[in-house]
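Here is what TrEMBL records for this protein:
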ACT_SITE  E1285  active site, proton acceptor
BINDING   C47, C52, C55, C77  [2Fe-2S] cluster 1 binding site
BINDING   C117, C120, C152, C154  [2Fe-2S] cluster 2 binding site
BINDING   I280, V281, M282, G283, N284, T285, N286, I287, D383, R445  FAD binding site
BINDING   Q791, F822, R936, A1103  Mo-molybdopterin binding site
BINDING   F938  substrate binding site
DOMAIN    8-95  domain '2Fe-2S ferredoxin-type'
DOMAIN    252-437  domain 'FAD-binding PCMH-type'
Amino acid sequence: MAGERECGYLTFYVNGKKVTDPDVDPETMLLSYLRKKMRLTGTKYGCGGGGCGACTAMLSRYQVHTGTIVHCAVNACLLPVCQLQGAAVTTVEGIGNTKTKLHPVQERIAKAHGSQCGFCTPGMVMSMYTLLRNKPQPDMEDIREALAGNLCRCTGYRPILDGYETFCESPNCCQMNGAKSCLNENNPNCCQQSVKETGLANEAEVADSLENGHLELFSKDDLLPLDPSQDLIFPPELIRMAESGVQTTQTFRGERITWVSPVSLDEVVDLKALHPQAPIVMGNTNIGLDIKFKGVLHPFIISPTRVPELFEVKHTPQGVSIGAGCSMSGVRAVLGGLVQTLPPEQTELHRALLQQLGNLAGQQIRNVATLGGNIVSAYPNSDLNPVLAAGNCRLTVVSKGGTREIPINKDFFVGFGKTVLNPDEIALSVFIPVSCKGEFVRAFRQAPRKENALATVNAGMRVRFHDGSSAVEDLSIFYGGVGPCTVSAPKTCQQIIGRLWGEEALNAAYQMLLEEIPLPPSAPGGKVAFRRALTLSFLFKFYLQMHQKLAEMGVIAEGLQQDMRSGLDPLPSHFLPSYQEFQGVLEGQPGQDPVGRPMMHRSALSQATGEAVYCDDMPRTEGELFLSLVTSTKAHAKIINIDMSAALALPGVVDVITTKDIPGKKFRTFSGLTEELLAEEEVTCVGQIVCAVVADTKPHAKQGAAAVKITYEDLPDRVFTVEEAIEKKSFFEPQREIGRGDVTKGFKMADQIYEGEIRIGGQEHFYMETQSMLVIPGGEDKEMNVYLSSQHPSYVQDSIAETLDIPSNRVTCHVKRVGGAFGGKVTKTTILACITAVAAWKTERSVRLVLERGEDMLITGARHPVLGQYKVGFMRDGQITAADVKYYTNAGNCVDESVLVIEKILLHFDNAYNIPNLHGRSTACQTNLPSNTAFRGFGVPQSLLVTENIINDVALKLGRTAEEIREANMYRGPSLTPYKMEFDPENMLRCWEECKRRSSIQSRHDDIAQFNQRNHWKKRGIALVPIKYGIGFAESFLNQAAALVHIFLDGTVLVSHGGAEMGQGLHTKMQQVASRELCIPSSLIHISETNTHMVPNTCPSAASFGTDANGMAVKDACETLYTRLEPIRKKDPEGTWQSWIQKAFLEKISLSTTGYYRGLDLYMDWEKQEGHPYAYFTYGACCCEVELDCLTGDYRTVRTDLVMDIGRSINPSIDIGQIEGAFMQGVGLYTMEELKFSPSGVLYTRGPGQYKIPAICDVPLQLNIYLLPGSQNPHAIYSSKGIGEPALFLGSAVFFALKDAVASARRDAGLSGPFEFNSPATPERTCLACASHLTQMVPISEPGSFQPWAIESP
């Protein structure tokens, strides 16, 4: 209920409209308020934890003391509505729409092709919009920083940056695309000035593009201008409210929490004295997460966001005092101002803090998270606390007992989340002192991702030298990430204090540091050896920096040697123009024919305005219920009892659904094996669905699910890894093998034989829209309407019919659009839809299920982790004579599509290489982890990484480049695959040669060798990899498709087909097909949804075959209709399309028809090991160059050149977008994304906080895409090729470039030959593989002597 009577209503504005609410639950966040109460669904739920940016909105407040309005981007999923008093909220709907007027921010991301599935687009729009409100003419660094807190899984980010680059004030060569570049000799910061140094561009290519011009993906000439008059004004009423000075304490009471928002410091102190355990909530970035994800309940919360003393900033000659309530962005502004005005020697600490603030979370979090909250939450990975402690900062606290000042030092942090503050004390301000002469402060951090990621390890270090000397007078070292809280190293400091700064003092400190900061091998978070190595690396970097500083000051005679200086330099971060080259349409093609032209995604504008409707955007129906799942907490156990009584007693809970409620089939069958919908007697993994709770609201359903108590009896013989599965012969049958030649003879012929292995970790789909569905009973004849986000609606239809024991014609599945899928919305979506349908069937009410991000990641499975073991024989010239490869996939507890995955692994393991004697075997291992499923590439990315690693190891054994070995073994001329399918590799070889030419790889090898010789701690590496990817389904019946086309009397056309639009632009391409075949503008053609009653018996949208199959079906239907109109057209050749349609109707000519495509008769006979499983191959090649920091494992992809043969592109903008998006997803797979399971099989990584997908900071500094010219493909529509999946593997070029850089570092360490380097090549693996003298100091615990924090994948 509402706050106390004297408090009045909560008053704020949303999109210029006043909102007054007396009844706000403290647990209600702005996101749910907008979506459920105000029906503003443009703001999306992506993760619920502020890690993805999909829910970004703009929050504006009037600042009385400055008379200004402050706009900031915020995560609506973390912002309590109770904090909105006097604020103005702007959502994507409030800035523009397609019905009235678009905002330029919306238009430009759409026209630049920066919206694919579109689920992340409103968040991107609002982050950029907020930037423009604060800075109408930003530079590219502003834009990248503004978007750093927003994730996209589809585009690869390049088109988003290109679209928003058009807002830059003075676009120069470094900020414009392709032909708009300039060569500015007088500009020292011009991108071309660093060409030779960095190897990031081919100057001749840039000049050629300037001279000759090239086709662009979008025109910058007709963009809407930025018009400030279009922006909503800040409500004058809120200004009057603020200036009146009249504020009252507000109290809000919910079902579980009381929230008090006081307006004076005295009141806060009194409340804290009465409720010492009540948390102080300002930004809600810590307490909010605990409540949401850890089940922590705080009955009483104090939120002093309107107490002015907490925001005061006071300057003194000794330093600055910053209010504890100041946001990180506010702190950054204060410190930035001081750096500009104070002498440099006084701002050492300020600059170190600014460095950390620049990497701390995303802009949305920095705008609300507070300085005081960061300190008192005492999080062990805090980036600021080590620097504040090293810099001798002080915290002022207040309580009923008065005010006291506490030094932030080694005694301040006493444990995880604990400080020396008393329970009734409140952080008031933080004093940050100026630095004195001879004092230097540095900050360090290493994180799983360069930006918007919690640090693995960080550090703050401060040294003070005696005047004019290198003797150390004082030293302070603090670390984060190596203990339960921020820790200091006083003994290490004492080893150095009083000595001259140099290697002798440093070497004495290393061993002491390892002893002083021990980290047990089972420490939470894992990565123990790496984290310990980082403590040494940061100290070494500090030594290098201070040594060079002392030399610059003339205190010591000699600075660092050239090769050592690389330990000082940051990795390159300067973006260069990217280039996208594609071919124009054929000469003579009518201007109205859109095929072959870059055409904007048909839904891009509605996605950018928030008008596009996704499953959970659908309005609630009368009496609708919400479903929450109850999942197993045991990896292998017998179910003894399910106690629902406590759940059923909770308010709002309607029922609990168990397997006994299923009227029909209680399981689904995949690959001949069954998977239970709801576990009945036994669970075989953590996360298996046992039952489900239905309630009147989502929070009630969630609380009900938590109240269900399941009693288990543990069962023996849990299996988690493939090694355990091999030992216990826990396999799904059948296993597969294939080969050619005789490997035994091939090994005998070889000059050398090498045996090795590589591990490839799994990958979470992380589609931005979690699994979502709404099932609405029809009310008669057992009808069910199912609205869901699925790649295979017909399979869902049939499955629900079988589950409910009703005919399929009573179930209609609707798929409007899918917010990303990547293979993850087929099998598990079907199971979830069946459970939801059972709930709707039993309750006779509509039921909605939308998984939270953590649930989704726990339940739905991922890409299969793989262990690849191989034996390879080869000659001295690099010719491979034989290879024997074994693939073991971790399939999880159910078979799902694992057998099909292991088949595709073997059908591709030859890749581009004609190895005469080749044998492969693949096995799906049954384990007690959640079952893995289809993922973009369907086993091929794992298969080919093993193959290319074999090539790489042969090169390392022979001391030659990997490119030489690849070329020596490539298919040439008409060839046969191991399964005897004929193909011509000409275009594959053309891609290879074109990529070599475009990347100038030969000369860059020499440049990299020179770079690596000059730099000891930075290394560069380069790699060029090819791909041969089969398109189509080996299961021939899956290649068919159907379509239905209606022409209405006004001449408009409605097209329906069996494919699902999930961001890949399928509907857009179908629109183009219909436009060409009917010879009408695409504006007359509409595609509403994928509907199983319109087009029945559809096949999955998968295998990069959606356009091939559905396009031919649409083409067939349109050809039929156009032929029917031929007599009308002949009678009236000068008539219009509309007149022909009306005459056809009057002459009783049918204006509706179906189209059908039978598909090719593809097959694979595994007994004979031969077949024709693919329609054709898509080819490509990719060259990547990286720069690696050997001391931390951080790297940067400095340049990527990617050549792809996709035949004749139907839509170059969509196809290039698919290539870039797949490539970046591959970069994530091979270098970043790690799924971590506990020793008991519990998934640790359940959201963007723990699981890192690529962000804008991971885009190559130069990303060039070239579509191979002159390619034809007679096997697909309009000579095009499938493109959705193949480019993902090309992300491995970054992996192998890293391996090349690591090999150079190892040579410096005296090591040569092949070495263990598993995927993903995280900073941990990369740093340890470099084998520097620092990593070798770290003692390694004997495997088996301890229980590791996480299971070793796979």
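Cβ coordinates come from backbone N, Cα and C, glycine included.
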Alpha-carbon spacing, C77 ([2Fe-2S] cluster 1 binding site) to C117 ([2Fe-2S] cluster 2 binding site), which is rounded to whole Å: 21
Neighbours of C52 ([2Fe-2S] cluster 1 binding site) among the recorded positions C120, C152, C154, R936, A1103, E1285 (Cα to Cα, within 10 Å): C120, C152
Whole-number Å value for how far D383 (FAD binding site) lies from C117 ([2Fe-2S] cluster 2 binding site) (Cα to Cα): 34
In the chain carrying A1103 (Mo-molybdopterin binding site), residues 6 or more apart in sequence that have Cβ under 8 angstroms from it: F938, I1031, G1032, F1033, L1038, G1282, E1285
Other residues, Cβ within 8 Å of Q791, F822, R936, A1103 Cβ centroid (Mo-molybdopterin site): A821, G823, G824, V826, A934, F935, F938, S1101, A1102, G1284, E1285
Minimum Cα separation from Q791 (Mo-molybdopterin binding site), reported as the residue among binding-site residues C154, M282, N284, D383 that achieves it: C154
Cβ-Cβ distance under 8 Å to D383 (FAD binding site), same chain, at least six residues away: Q356, L357, N359, L360, A443, R445, A455, N458, G480
Listed binding-site residues among C120, C152, C154, I280, M282, N284 whose Cα sits within 10 Å of C55 ([2Fe-2S] cluster 1 binding site): C120
Max pairwise CA distance, angstrom, over record-listed Mo-molybdopterin binders Q791, F822, R936, A1103: 12
Minimum Cα separation from N284 (FAD binding site), reported as the residue among binding-site residues C47, C120, C152, C154, F822 that achieves it: C47
Structural state census, the domain '2Fe-2S ferredoxin-type' (8-95) (DSSP three-state): 14 helix, 31 strand, 43 coil
Stretch-averaged pLDDT - the domain 'FAD-binding PCMH-type' (252-437): 96
By Cα-Cα distance, the member of binding-site residues C152, C154, F822, R936 nearest I280 (FAD binding site): C152
Alpha-carbon spacing, M282 (FAD binding site) to C47 ([2Fe-2S] cluster 1 binding site), which is rounded to whole Å: 21
Top Cα neighbour of C47 ([2Fe-2S] cluster 1 binding site) in the set of binding-site residues C120, C154, N286: C120
Packing count at C77 ([2Fe-2S] cluster 1 binding site) (other Cβ atoms within 10 Å of its Cβ): 28
Nearest recorded site to C120 ([2Fe-2S] cluster 2 binding site) by CA-CA distance, among binding-site residues N286, F822, R936: F822
Binding-site residues (C47, C117, M282), the one with most neighbouring Cβ atoms at 10 Å: C117
Rounded inter-Cα distance in Å - N286 (FAD binding site), C152 ([2Fe-2S] cluster 2 binding site): 24
